[in-house]
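J.: Structure below; questions to follow.
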Amino acid sequence: MDAAAYEAAVKRVEDDPEGYWRDLAKRLDWMTFPTQIKDTSFHKHPFHIRWYADGVLNVSVNCLDRHLAERGDQVAIIWESDEGDISDNFTYRRLYEETCRMANVLKAKGVKKGDRVTIYLPMIPQTAIAMLACARIGAVHSVIFGGFSPDSIAGRIQDCDSRIVITADEGLRGGKAIPLKRNVDEALEQCPDVTDVIVIKRTKADVPMKAGRDAFYADLKQGVEATCEPEPMNAEDPLFILYTSGSTGKPKGVLHTTGGYLVWASHTHELVFDYRPGEVFWCTADVGWVTGHSYVVYGPLANAATSVMFEGVPNYPTTSRFWEVIDKHKVEIFYTAPTAIRSLMREGDEPVKKTSRSTLRLLGSVGEPINPEAWLWYHRVVGDSRCPVVDTYWQTETGACLATPLPGATAMKPGSCAKPLPGIKFELVDAEGKPLHGATSGNLVITDSWPGQMRTVYGDHERFFNTYFSTYGGKYFTGDGCRRDEDGYYWITGRVDDVINVSGHRLGTAEIESALVGNENVAEAAVVGYPHDVKGQGVYCFVTLKADVTPTDILQAELKGWVRREIGPFAAPDVVQFAPGLPKTRSGKIMRRILRKIAENDLSNLGDTSTLADPAVVDDLVKNRGG
Ligand code: 6R9
């Protein structure tokens, strides 16, 4: 898309929204093409978000069947193993047959349209196959990132009342085995309603199998047919649930539906990455996060792309790993996260320069703000100054990309996600919700719906409204702060709520606090993020111990390990500081602003502490800063 085409699209969606959104839906194969296009209201009475509501389609047909005639022998997924010892190509035909087999296995287990299937798998092709198999029979998948702990798995299984779990014996990441089956076993002690666990063999490790509940997929698959009738799905039938952290309470089950989600994922995959038929596209995200859903699986496959699925990590076996994989599989488009870029940048240019990367045409970034230094290094060293960088801003809630520079249409400014895509209406508002104009900073809201928007919080529609639409009445609040410059470019400055972003992983500080107070030694905890060179943000915990407990280094380490186990290794605190008291207002509210400043070591800016119930606690916190 060039600049004129971008302007024309922005104008068209303004002048003829129905027509624009209807045309966009034509990129999919429908069993019944929708006559109802957009039917949305962000206001409480009435509040609803529906797209293409009378359309009928199946996501797996759009990702597989419709490509078979012309691209059956084209590679759909290139799988690259952790060690690099195995790579395996799945053509569209093979992926189709494997998906049908898995769909038949699920059916044989009694899974029906609308049932929730939990997927807790490593980055192996069977993960994509499991997702597509659910889509084929109309089951709703809930993928849980392999880094989550048994407790986190249990919470997610219970929340969506899922009766079946697909997992693997073990995962492999950076040469380390991850005990997936063991984690599931432990989680299921709290989930008596789960009737079936399907186990895929990845490492062939010996794992306990519970009779009557657990079965190896390899056995279930024997003799199963490689065709399976797709379930006709209404556009607004659920496709998946993905749990994500918010500023309060337990993680929310973000629900995406069939038609609008796939339109938006496939449209943005083509538009944002300027995807051209035959190209190899590599998104490094884990399928356990939304980026993996939309840009490893659904977007690329709907577009008949060749998508790389990478099991490993950026720095194993060597810090050239990413670049070697690019050369090995002749990757044209590469999409990763700022935290990976920053950690590789620290290793210097040599591990990059010794590889060719001559196939690369476009680079992408996602997950957190990218600092200009990392952006410039990515562009200059990785992309040899010849590949545009698309800094794509979006969220689990938004389904797929919302804002990014478009190669050929928008000039790039390092660190800015440029402008919203046609049809996405950004607005900056002040704390009272008053719209701000021109070059300014404010809270980022979106004033109208787009097809890829989440439809509800699973099982709690009220929470959906309250979380996103009640702060600034009638507008979707992203939770992000943002600056708009004199050219109308947007610069995301990070979350303004109690969500932190650690290595691109979203965490609610409330979740970590609740894990900490679950420890028998802890009376109270307050958690904040602070700037971290590689991870973007680090986790800083202020912990008040129970009266009879002695603060020791051992206890500090124990609490870090505790959070690791309670939530997952990626949530492990960087700093635990024991605090005899936390700064509170007289009404008992913890003043997080002050804690953030202490964590950031910005001690000259603590602001007014006179309203605190006990201003002296601040002196103690400052004196005993950790780090
Ligand atoms: C896709 C994804 C969403 C939060 C979002 C924002 C941050 C994502 C960004 C970015 C600046 C970008 N974020 N992309 N900030 N520039 N290009 O990451 O979803 O895990 O739900 O995180 O990530 O703060 O609100 P999710």
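Note: Cβ is positioned from N, Cα and C throughout, glycine not excepted.
Heads up, here are the entries from TrEMBL:
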BINDING   Arg173, Gly174, Gly175, Lys176, Thr291, Asn315, Ser503, Arg564  CoA binding site
BINDING   Gly367, Glu368, Pro369, Asp480, Arg495, Arg506  ATP binding site
BINDING   Val517, Val522  Mg(2+) binding site
DOMAIN    6-63  domain 'Acetyl-coenzyme A synthetase N-terminal'
DOMAIN    65-448  domain 'AMP-dependent synthetase/ligase'
DOMAIN    511-589  domain 'AMP-binding enzyme C-terminal'
MOD_RES   Lys589  N6-acetyllysine
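Any idea what these are sitting next to in the structure?
T.: Cβ neighbour count for Arg564 (CoA binding site) (all protein chains, 10 Å cutoff from its Cβ): 17.
The DSSP secondary structure for Arg506 (ATP binding site) is strand. Same-chain residues at least 6 positions away in sequence with a Cβ under 8 Å from that of Arg506 (ATP binding site) are, in sequence order, Thr244, Ser245, Thr396, Val499, Ile500.
DSSP assigns Val522 (Mg(2+) binding site) to a strand segment in the three-state reduction. Contacts of Val522 (Mg(2+) binding site) defined by a Cβ separation under 8 A and a same-chain sequence distance of 6+ are given as Leu516, Val543, Thr544, Leu545, Lys546, Leu559, in order along the sequence.
Mean predicted confidence for the domain 'Acetyl-coenzyme A synthetase N-terminal' (6-63): the pLDDT average there is 97.
Proximity of Lys589 (N6-acetyllysine) to non-local residues of its own chain (separation of 6 or more, Cβ distance below 8 Å) is seen for none.
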J.: Consider only the binding-site residues Gly174, Asp480, Ser503, Arg564: which of them have a Cβ under 6 Å from an atom of ligand 1? Write none if no residue does.
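T.: Going through Gly174, Asp480, Ser503, Arg564 in sequence order, those close to ligand 1 turn out to be Asp480.
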J.: Would you work out the biggest C-alpha to C-alpha distance among Arg173, Gly174, Gly175, Lys176, Thr291, Asn315, Ser503, Arg564, the residues that bind CoA according to the record, and give it in angstrom as a whole number?
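T.: Taking every pair among Arg173, Gly174, Gly175, Lys176, Thr291, Asn315, Ser503, Arg564, the longest Cα gap is 24 Å.
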J.: I need the CA-to-CA distance for Gly175 (CoA binding site) versus Asp480 (ATP binding site), whole Å please.
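T.: On Cα coordinates alone, these residues lie 36 Å apart.
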J.: I'm trying to understand the geometry here, so how far is the Cα atom of Lys176 (CoA binding site) from the Cα atom of Gly367 (ATP binding site), in Å to the nearest whole number?
T.: 25
J.: Have a look at the binding-site residues Gly367, Asp480, Val517 and say which one has the shortest Cα distance to Ser503 (CoA binding site).
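T.: Its closest listed neighbour, by Cα, is Gly367.
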J.: Per DSSP, what is the residue tally for the domain 'AMP-binding enzyme C-terminal' (511-589) in helix, strand and coil?
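T.: Its residues divide into 24 helix, 27 strand, 28 coil.
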J.: Are there any residues in the same chain, six or more apart in sequence, whose C-beta is under 8 angstroms from the C-beta of Arg173 (CoA binding site), and if so which?
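T.: The list for Arg173 (CoA binding site) reads Asp82, Pro122, Gly146, Glu311, Gly312, Val313, given in order along the sequence.
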